[in-house]
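Take a look at the structure set out below.
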Amino acid sequence: MSASDGSRKRRAAALERARPTTPGRHEATRMNTIIAKRVDSGTADTSEIRDLARAAGYTVVGEVTQSRRADPALQIGEGKAEELAALAAETDATTVVFDNRLGPYQTYNLGQLLPDGVEVIDRFTLILEIFGQRAQTRKAQLQVELAELRYELPRAEAKTSLAKREEHPGFMGLGEYDESRERDIKAQISRIKDELERIEQTEQQRRERRRDSGFDLVALAGYTNAGKSTLLRQLATDLEVEENEELHPDLDPTAESQDKLFTTLGTTTRRAAIDRRDVLVTDTVGFISDLPHWLVESFKSTLDSVYRADLVLLVVDVSEPVDEIHEKLVTSHDTLYERNEAPIVTVLNKIDQVSDEELTDKREALSSLAPNPVTVSAKEGLNVDGLLERIDRELPDWEEERLMLPMTDDTMSVVSWLHDNASVDDVTYGDEDVIVSFEARPAVISQARSRASELRTAAAESAS
Ligand SMILES: Nc1nc2c(ncn2[C@@H]2O[C@H](COP(=O)(O)OP(=O)(O)OP(=O)(O)O)[C@@H](O)[C@H]2O)c(=O)[nH]1
Ligand SMILES: [Mg+2]
């Protein structure tokens with residue numbers, strides 16, 4: 001059995017669930033799920049884990065929560081676990097989803113308590129399932145596979161060490177122990193990393209080419225379901241297909257955004273409707289709190305378009321309670337903090353859902369984390385022009401330049417390059433040279449200067 005057979009089977013089952021069929025009785029039962037969550041103190045909020053389960057195609061039929069310290073064997077207390085087992089039997093559940101992270105022993109012990117055939121998964125496995133269902137490009141698939149292997153590795157190690165000590169014979173019933181499995185996983189991880197690196201290099205080159213040809217790069221970032229994809233459609237003029245040779249749902253201009261977590265997994269880039277300059281806007285995977293570092297690590301390159309942007313638009317759903325917005329902003333800033341160098345503009349989205357007073361209050365309450373935000377409704381198209389203006393203002397300023405180009409065979413191609421990449425104010429043709437006045441980004445100006453000097457060198461050579 002190869003190292004990722006288990007995860008492949010899980011993905012196949014997850015894909016099966018994601019299929020848009022009209023569920024018959026049998027299917028409906030097959031997807032029944034109970035949510036379980038333990039918190040150290042206070043009451044457990046299960047809204048996000050429910051949304052995640054729904055996004056993965058499960059039907060939530062019950063929930064069990066508890067406030068206490070973690071139980072090493074079962075995560076929740078024994079009495080609670082028995083209650084969970086009874087509820088599972090009663091509701092014909094086939095899956096229990098824990099919002100807490102489960103260790104391999106906890107997973108095993110819970111499985112023993114629950115009715116036969118009930119599968120126990122945790123928040124991270126669930127997120128991986130969703131990612132697996134949504135992954136449509138080679139890159140996204142590799143990233144999911146990498147994340148799965150990283151999840152599996154410590155578990156394989158735990159199994160091996162258990163087997164060596166022969167302390168938990170029962171645990172071995174889970175599957176055959178094989179030390180080569182660990183090595184296998186490690187080899188696969190390194191193979192996938194190599195392939196991802198090659199893909200990333202190509203993408204990096206593409207970004208550089210775009211930057212060189214005068215594009216400003218703007219990235220949409222933010223918590224999942226904030227409205228990034230909806231906003232992209234409002235900001236975009238035409239479709240940029242080059243990056244999406246492999247099918248991506250967001251490529252279809254009529255594709256609806258969904259009120260589901262992680263609708264977007266890859267990146268989609270489109271050209272923004274700003275007259276004065278060429279701006280590309282990239283939509284990407286949403287953030288979520290409490291992700292283990294191996295998962296963030298696996299999807300990091302997807303966020304490269306954010307980290308390497310000239311400007312980041314941090315999209316926030318302003319219709320949510322202010323505490324929740326605050327928490328999500330902190331998560332987003334934490335995710336961005338490490339590597340982002342671009343200025344960040346906070347976009348408070350979904351203003352159609354809140355009254356003017358509520359919006360003022362929330363702006364005030366969030367002012368330390370989100371100073372001077374832009375408020376929009378991506379869905380209703382409210383203040384999209386205001387946002388476009390703000391993008392124009394925040395991006396590096398254009399400068400004026402006047403270049404004298406000697407007349408050579410290549411001069412006209414430089415002039416037409418300037419027409420493509422700058423805003424040309426005037427072109428004056430003399431007998432031996434052309435004078436071009438234009439405005440452009442600093443990067444374009446320095447490139448134009450070096451092209452001019454190449455022309456001068458060529459002209460001098462042909463004259464001598
Ligand atoms: N009322 C209202 N709903 C909005 C607005 N913008 C987006 N939505 C809805 O919010 C939900 C999520 O929108 P998406 O654009 O898919 O959000 P996203 O940030 O791309 O989400 P992921 O790709 O899942 O991370 C959809 O149901 C949208 O219709 C808005 O301005 N007002
Ligand atoms: Mg999206």
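Note: Cβ is positioned from N, Cα and C throughout, glycine not excepted.
Curation plays no part in TrEMBL annotations; they are all automatic predictions.
TrEMBL has this to say about the protein:
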type	residues	note
REGION	1-26	region 'Disordered'
COMPBIAS	13-26	compositional bias 'Basic and acidic residues'
COILED	132-212	coiled coil
DOMAIN	216-399	domain 'Hflx-type G'
BINDING	222-229, 283-286, 349-352, 377-379	GTP binding site
BINDING	Ser229, Thr264	Mg(2+) binding site
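Overlay of TrEMBL annotations on the structure.
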residue	record	DSSP (3 states)
Gly222	GTP binding site	strand
Lys228	GTP binding site	helix
Thr284	GTP binding site	coil
Asn349	GTP binding site	strand
Lys379	GTP binding site	coil
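Under 6 Å, Cβ to nearest atom of ligand 2: this is the test, and of the binding-site residues Gly222, Asn225, Ser229, Asn349, Asp352, Lys379 it is passed by Ser229. For Asn225 (GTP binding site), the number of other Cβ atoms no farther than 10 Å from its own Cβ, over all displayed protein chains, is 24.
On a Cα basis, Ser229 (Mg(2+) binding site) lies 12 Å away from Asn349 (GTP binding site). Packing around Thr284 (GTP binding site) is summarised by its Cβ count: 25 other Cβ atoms lie within 10 angstroms of its Cβ, all protein chains included. Recorded residues Asp352 (GTP binding site) and Ser229 (Mg(2+) binding site) have their alpha carbons 17 Å apart, per Cα-Cα distance. Put plainly, the binding-site residues Lys228, Lys379 were compared by Cβ crowding within 10 Å, and the winner is Lys228.
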